[in-house]
Amino acid sequence: MASKGSPSCRLVFCLLISAAVLRPGLGWYTVNSAYGDTIVMPCRLDVPQNLMFGKWKYEKPDGSPVFIAFRSSTKKSVQYDDVPEYKDRLSLSENYTLSINNAKISDEKRFVCMLVTEDNVFEAPTLVKVFKQPSKPEIVNRAAFLETEQLKKLGDCISRDSYPDGNITWYRNGKVLQPVDGEVSILFKKEIDPGTQLYTMTSSLEYKTTKSDIQMPFTCSVTYYGPSGQKTIYSEQAIFDIYYPTEQVTIQVLPPKNAIKEGDNITLQCLGNGNPPPEEFMFYLPGQAEGIRSSNTYTLTDVRRNATGDYKCSLIDQRNMAASTTITVHYLDLSLNPSGEVTKQIGDTLPVSCTISASRNATVVWMKDNIRLRSSPSFSSLHYQDAGNYVCETALQEVEGLKKRESLTLIVEGKPQIKMTKKTDPSGLSKTIICHVEGFPKPAIQWTITGSGSVINQTEESPYINGRYYSKIIISPEENVTLTCTAENQLERTVNSLNVSAISIPEHDEADDISDENREKVNDQAKLIVGIVVGLLLAALVAGVVYWLYMKKSKTASKHVNKDLGNMEENKKLEENNHKTEA
């Protein structure tokens, strides 16, 4: 016969059965929390009228419970179980909401809220999920450079402290990189910190670059799950130096090759379009089969015209990859014959030649006493006015600074030549006597009166121009006198005399010499007259030819008319004879 148990035993038994079996119908409830935040878990149960107390527990992986918090409905007191990982982290409110501060990865568990009455136990499970945003990904262990046609490690993309773990993606210019055999290789790995349970993700990229990757940005991203869903964080851009071989060689000349002249320094610069550019080249000079090894520049100093020719440079290890250029060293030679100081006698012949030798057509300018001449000088018979400083100057317009000049200082000497003239003043009270002197060096003039032999100092002289000048005196002689003019220079002493009648005796005046300026005017007038006469003669000749052609044509026409008239007369006579015969 079975005995009946006590009421307390019966209650404990019912509670155990309820805790183990009775799980009223609330479904799973999930609370998402960020790492380090406070986890708040409502009980989600209606508080019954006869509530004795409330408890929170979590379940171990094997299903065994661990109680962590207790609150009595009557004493309003809270008790926390001695669980080391939750010490000083728990808070249980009056409505049995459990809060856990400083959320950790280890808090990812199934927590259960239990409300206990005298005859029942009510439970509401809550699943806690903890998320940790990973650090911003960064590209580390970057390659110093990438080489074309070589599969080489570009770098590692690393993102730390993530929970749960995330995925890393590589991008080239914003487009996703996918593994391609021999061209793109991606190796992903993740590690978990035993203490924090946080993940570190690393993705290594090996990449075969091309020249199209120059200045192309590479990035990576990490995609992870957070409390609000999936998110992505991008790294900073990384741009890599792309190494590629030289495909073309160019050669430059400094200064520009169209302006090189003798005496200049020439620098040849050879460039390759590879990266990095070649540092050394072979330079080949005109007429030299062997090259000269140098850096990317080679300098020739004080070049001469024989440096004109073809210059070439090439890569050290690829002689067929070369470039060439033609250099012309411009030159300009000038030879003036005669040059320097030349002394000639008046009337002499002096041929002058200015010979130019240049790398291209040069301009030639003649100057006399700083005045430009229209043509080069030529002296078939030297005059005093031909004396002066002559300069032959030549230049190459295309080449700055290339000009030459030579000078000729021409001295025309002559013995003194004298001509004396006299002229009576219209008033008849005085006479002007002029001594015209020509010669070089400038002759000195002296006047004397025959008889007395006295020297006359009261004279007036003209300027000495082109080897000529004159000296004049004005006298009023009471009797006939003879005036003597003496001209002397380093070459000779010349004397001339002139008889002058007394003022009371009329005499014929002698005309003055024509000055150089007047002589030129006379020559110009003579040329003009000759031109007019020649023009008139040509006009008369043309008129004569036209008249002759006209007369010839007129005579021909007259013959034709007379012939026609004769034929008409003959026809008339024939008609008359015919009439007579019929009668």
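Keep in mind that glycine also has a Cβ here, set from the backbone N, Cα and C atoms.
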Member of Cys354, Cys435 annotated by Swiss-Prot as disulfide partner of Cys392:
Cys354
Which one is it, Cys14, Cys43, that Swiss-Prot ties to Cys113 with a disulfide?
Cys43
With an 8 Å cut-off on Cβ-Cβ distance and a minimum sequence separation of at least 6, pull the same-chain contacts of Asn167 (N-linked glycosylation site), or say none.
Phe188, Met201, Val222, Thr223, Tyr224
Based on Cβ atoms within 10 Å, give me the single least packed residue among the disulfide-bonded residues Cys113, Cys313.
Cys113
Can you tell me the CA-to-CA distance separating Cys270 (disulfide bond) and Asn306 (N-linked glycosylation site), as a whole number of Å?
22
What residues, ordered by sequence, lie under 8 A Cβ-to-Cβ from Asn95 (N-linked glycosylation site) and sit at least six positions away in the same chain?
Pro42, Cys43, Val47
Roughly how many angstrom lie between the C-alpha atoms of Cys313 (disulfide bond) and Cys220 (disulfide bond)?
44
Restricting attention to the domain 'Ig-like C2-type 3' (416-501), give the mean pLDDT.
88
Have a look around Cys435 (disulfide bond) and count the other CB atoms within 10 A of its CB, chains all included.
25
Those recorded positions of Asn265, Asn306, Cys354, Asn480 having Cα within 10 angstroms of Asn499 (N-linked glycosylation site):
Asn480
